[in-house]
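Reading through the structure tokens given below for one structure.
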Amino acid sequence: MEHVTEGSWESLPVPLHPKVLSVLRELGFPYMTPVQSATIPLFMKNKDVAAEAVTGSGKTLAFVIPIEEILLRREEKFKKSQVGAIIITPTRELAVQIEEVLSHFTKPFPQFSQILWIGGRNPGEDVARFKELGGNIIVATPGRLEDMFRRKAEGLDLASCVRSLEVLVLDEADRLLDMGFETSINTILEFLPKQRRTGLFSATQTQEVENLVRAGLRNPVRISVKEKGVAASSTQKTPSRLENHYMVCKADEKFNQLVHFLRNHKQEKHLVFFSTCACVEYYGKALETLVKGVKIMCIHGKMKYKRNKIFMEFRKLQSGILVCTDVMARGIDIPEVNWVLQYDPPSNASAFVHRCGRTARIGHGGSALVFLLPMEESYISFLAINQKCPLQEMKLQKNTADLLPKLKAMALGDRAVFEKGMKAFVSYVQAYAKHECNLIFRLKDLDFASLARGFALLRMPKMPELRGKQFPDFVPVDVNTDTIPFKDKIREKQRQKQLLEQQRKEKTENDGRRKFIKNKAWSKQKAKKEKKKKLTEKRKREEGSDVEDEDMEELLNDTRLLKKFKKGKITEEEFEKGLLTSGKRSTNKADLEISDLEDDC
């Protein structure tokens, strides 16, 4: 394990290019952070590095600067289509951020070109841009980069372009694996030359990360950077200048407490984390209405094309609120975030650390607050032990305004709000059921009535988790929710059209059902007629056909004899004798009838 020091950039054992030093001064970074002073010299001496450091410790510059220096020291100049470095990162937002930082360092060196490959963009346009402008340094998300390696239709042969690769960086490696990119990473590694320098950067060390180190790095130097002033025996994973708080309140008090807090901190910059995309959509809309005089924006993983624009816009704000999911929890560097508010605790403990790390970055101060239900209070000690992350209690604010009736009124006035509330509640319950810390976050202990009031629901939704449960403490509104219209006239017109189509469909089905019932009655009438016809024929036979009657009698006698024989009541000899007697009787009768007929003639 390397000894970690820090100092000025000029104190590095391998000198940096004067233009690189100039950019560092312009950006306001006169000194290195511990992870930078530990990593940069090793990277520049052709070592593979696996660096673990707390979030917000300056890991981005720890690989951007070595990339720049390594490419500058290459004797042969790069052609525009030759790739010298690849940086892989788990999310679009982080990729955009890294590409922005990188652009400061490539600007003084026009011989280098860089390109950003992320989802949410047209891949054909990415290929065209690469062929036109080149990309000596690629910043990409795993899925898009894998797609580019496999893409042949547009005439791109990326496998040939990466033969000149000098450096590969895997940023937020633990998150890359958590998000299911392991297969994509392994596919990408197969295309890359073995003779390269590889850097793996992570805030947490897991077994999966260790496996990736063994697969992708050659004799790596392992670097673990602790917070200054933290005891060696400790493994604190949050910045030392971060103040961590918690507030215990009931589910139907949380929203009022959140709004009260935001109204009292309008001049500051906040990230508000929710557990699901649906919760972001619902509460983001509610906060826009109830917290006036402050810019409120929403971002989550299901946004395909708006995310980058929203992210870049929020970064530029001096104050504002970004309502988000964990898509914003890792590696994202948003300038001067004052508070990280966790309305819902994250699904795992490591995500808690990463959420908090969006503030108090690179030596700046910052604060974080997590809202907990009374049944979740043991999570505080769990974080202190598991993540070495102590929390201080923040008392409930008294005399807060009750905003839930206003939220209900919003739902009654606009079907969009009503539907978003229902979806948010369902998604929250489903996410809660899958919580990693299920000994603390137990679904069976959840107060669903209080939770539904906290979501300002008009009625309880139908879902498997609530089947068979009674909620005497929850009073649904005395309104037929099917009649609630959309405020958007176009959406309401579409809804009414769908309702009419549904009514026509139901009418058609009902008519078909009635027709089936009528057909069934007709069948009964037909059967009745058949029965009547048979009775008539029988009567006619009895009246006009003595021969047929005798034949029937003979058949019945033969049947009776056969039954007696099978049951053992008569012998075989008696059975045959009976048959002969029956036949003679019929013959005599027939002969008599024929003679009578001849006499009549």
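Just so you know, glycine gets a Cβ as well, placed from its N, Cα and C.
Checked against Swiss-Prot, the range among 9-37, 125-153, 299-327, 444-472 recorded as motif 'Q motif' is 9-37. The Cβ of Ala53 (ATP binding site) has 25 other Cβ atoms within 10 Å, all protein chains considered. In the three-state DSSP assignment, the secondary structure recorded for Ser57 (ATP binding site) is coil. All protein chains considered, the CB of Thr60 (ATP binding site) has 23 other CB atoms within 10 Å.
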